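Participant: Take this structure first; my questions come after.
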Amino acid sequence: MTYSLPDICSIIGATASSVSAAIITEISWDSRRIITPAGTLFFALHGARRDGRQFIAQLYQQGVRSFVTSEPGLDTLYSGAVFLRVTDPLQALQQLAAYHRSRFSLPVIGITGSNGKTIVKEWLYQLLHSRYNIVRSPRSYNSQIGVPVSVWQIEPQHNLAIFEAGISQPGEMEKLQAIIQPTIGVLTNIGEAHSAGFINRQQKLDEKLLLFKEAGIIIYCNDNDAVDQAVRKLPNARLSWGHNPEADILVVQSTASTTQTHIQLLYKEQPVEFSIYFTDEAAIENAITCAAVLLALGCEPVFIQEHMLLLQPVNMRLELKKGINNCVLINDSYSADINSLQNALQFLSQQSSSLTKTAILSDFIQAATDDSTLYGQILQALQENGVQKLIGIGPAISQALQQRSANQGMELQLYSSTESFIHQFRPSQFKDEAILVKGARIFGFEQLVPLLEQKAHQTVLEINLNALISNVKQYQQQLRPDTKIMAMVKAFAYGSGGAEIAGILQFHKVDYLGVAYADEGVELRKAGITLPIMVMNPEPAAFENIITYNLEPDMFSPEIFRAFSAFVAQEGLQHYPVHIEIETGMNRLGFLPEQWKELAMQLSQSSLLKVQSVFSHLAASEDAQEDAYTFAQFEKYNQAVGVLQQYLHYPFIKHIANTSAIGRLPQLQLDMVRLGIGMYGVGNIPGLQQVATLKTTVAQVKTLEAGETVSYNRRGVLQRTSKIATVRIGYADGYNRKLGYGNAYVLVHGQQAPVVGTVCMDMTMVDVTGIADVNTGDEVVIFGKDLPIQQLATWAGTIPYEIMTGISQRVKRVYFEE
Ligand SMILES: *Cc1c(COP(=O)(O)O)cnc(C)c1O
């Protein structure tokens, strides 16, 4: 559904000096995600840190011509562009969405609660998509921005909407209610989460219930008295479920086996029974909530029974793996619908620009759209995200695409089934590609993924990209809004992976990258990283590559300065960007005080080099007892800057703080900070998340008697009858030998299993006596959320930096986004 600009102008009550008749098909608030510039209306939202107004020039260049902003006087700067002026662009976005919503009279399910919103939403979709043409919130879009963007997706062909709403402070729900206007209210579990912005639980609960102001019915669990009373105060009709006789839907019994739970409900004196392939409390609660919604919609018990059994885990996790022949693989083999396709394509488009983009898709599951329109939309979405090759698997996709005359210039291969693809598969068909694998559950794409995956042993380092970005944001909050960040990605991004990490940092707009050696920078450039990259230790042998790949070397001594200047002169270049390192007390690299003036004079007399930044490195910023030394370093650094400023008549970036200085010493922020280990979750500010999890598996389990010995030199002597598991990690993977002899433990089924005897090159034995049901193939956590890397470092008598960078390259890195 589209709107013309004049329509929108009056809907949001904007003023504009001139309004073209442009037709708007998309709204956007994120400058990185513009698909059709000409049809996009960009809302220049401004918050504490991000200011959408900053991106107007860049978006104009990309072809965006319609903006909503609070900034006056832009019309004269950008010819042909329209600026709708409002006081609060976020409010305008919400108004537009509320207007859009009010044009439709479909049933709208509004979900709120502390936990389970996204799962209930996704499960309702799984349960109902064969009956309804559903529009729903993408991912967990439930915020003040996410909700309007979700609601904007409603189109005339939809006949059911499911939206979630989340709040963090009073006053927010009223706004979300006006946008969603739910006709059916669903309240999920009310836990303790997100209490921070509220005085108490009651206030939070009352605020949440505002979502249901105009809902015809509220569906909720009445087992909790406070919740029950709060809902009963409202005038709405209610449908409650619970374990008490007051409940409209009585939970008679739920019995779990090892893999399934059987649930018996009683509704209007009729039994409703079903099973789900889940056994945890939260899943049972969410499933019953879904069953109540289905009953409210008039679904028959048989329908509920059949569909509940098909519920799948909500896998919001997109995995990025190394593939065969230099491919990367994005595994999303659990869902196939247009909404989740958009997310997966966004993830794909963040991948290196030097790889061909390929999509392997199954038939899509979507009711009430005819196939030709559906696959037409899919092709368009693929094309907009730069996909060059499409492999379609399944009868419907094959038929729809075969009939089309034009395939938007995409290479097309069609297979009638997953089996026929596997049968005809040859590894040489794929090379230098970023491959998105996305299919509906019934197509069994999990059989296809191993064919494309690079074979490696079962020890993996999992990198949580959301946690990485969240950590960067935590540090950003410690900084003044205009302080830049140089992300240190040296040593393979502290062991967590070079190009993948740099790619995600680039997408999230850090300002600079720092590497140790030129080769590391070359790798990043080859992977399509365009951010400026500082090389801390440029060797003359690498000068050629530095220039070819547009890297910015650190000039840390008169020798390197002379050699690089000569090289630049010989190449006939001018103003080549470099960084100047000042020695202030680390006593590693840098210009000494007696060399500063000479350096400044030479720089000012020649136009070969252009100083991008001047920096120094702190020796003990993590240690409060050394603060006097740190401040002396800072003082010395400022003197050097003074000397350089006397001679250089242009500005340069100043920086000295590393991770621990950012947290402890805000006075040292200057123009930029160099963020290293903190990004990976090891640091001294609150709210950091562990980014890396090192995991392996059990190879064998055996029971041994007291007195028997384990591993080399018979150092592990058993004191009792013991169950010993051999796990697939050793010192060649980076598991230090100091961790042997009971000095460390690993986690098996979440429980501590001490290391027994000597750590071997490729294997380690751990004591799993007393841990139930340990079998071959079980997962073993070496470090992660519940066993911090700091702990491992302490056991091994080292620091987290060494543990992280010591994980060897044979350990496969798996990246995921949730
Ligand atoms: C490694 C490094 C950093 C980052 O240090 P962290 O302690 O990991 O933040 C900053 N600056 C220089 C010069 C470095 O070598």
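For all residues, glycine too, the Cβ spot is worked out from N, Cα and C.
No curator has checked TrEMBL annotations; they are predicted automatically.
Pulled these features from TrEMBL for this protein:
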| type | residues | note |
| --- | --- | --- |
| COILED | 331-358 | coiled coil |
| ACT_SITE | Lys490 | active site, proton acceptor |
| MOD_RES | Lys490 | N6-(pyridoxal phosphate)lysine |
| BINDING | Arg588, Met761 | substrate binding site |
| DOMAIN | 691-816 | domain 'Alanine racemase C-terminal' |
| ACT_SITE | Tyr712 | active site, proton acceptor |
Participant: By a simple count, how many Cβ atoms lie within 10 Å of the Cβ of Met761 (substrate binding site), its own Cβ left out?
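Facilitator: The answer is 12 other Cβ atoms.
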Participant: CA-CA, which of the recorded positions Lys490, Arg588, Met761 lies nearest Tyr712 (active site, proton acceptor)?
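Facilitator: Comparing Cα positions, the candidate nearest Tyr712 (active site, proton acceptor) turns out to be Met761.
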Participant: Counting only residues 6+ away in sequence within the same chain, which have a CB under 8 Å from the CB of Arg588 (substrate binding site)?
Facilitator: His617
Participant: Looking only at C-alpha atoms, tell me how far Met761 (substrate binding site) is from Lys490 (active site, proton acceptor), rounded to the nearest Å.
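Facilitator: With the alpha carbons as reference points, the distance is 26 Å.
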Participant: Look up Met761 (substrate binding site) in the DSSP assignment and report helix, strand or coil.
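Facilitator: Going by the DSSP assignment, Met761 (substrate binding site) belongs to neither helix nor strand, so it counts as coil.
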Participant: From the DSSP assignment alone, can you count helix, strand and coil residues within the domain 'Alanine racemase C-terminal' (691-816)?
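Facilitator: Tallied per class, the domain 'Alanine racemase C-terminal' (691-816) gives 23 helix, 49 strand, 54 coil.
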Participant: Can you count the other CB atoms that lie within 10 A of the CB of Tyr712 (active site, proton acceptor)?
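Facilitator: 13, counting other Cβ atoms within 10 Å of Tyr712 (active site, proton acceptor).
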Participant: What count of other C-beta atoms do you get within 10 angstroms of the C-beta of Lys490 (active site, proton acceptor), across all chains shown?
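Facilitator: For Lys490 (active site, proton acceptor), the count of other Cβ atoms within 10 Å is 20.
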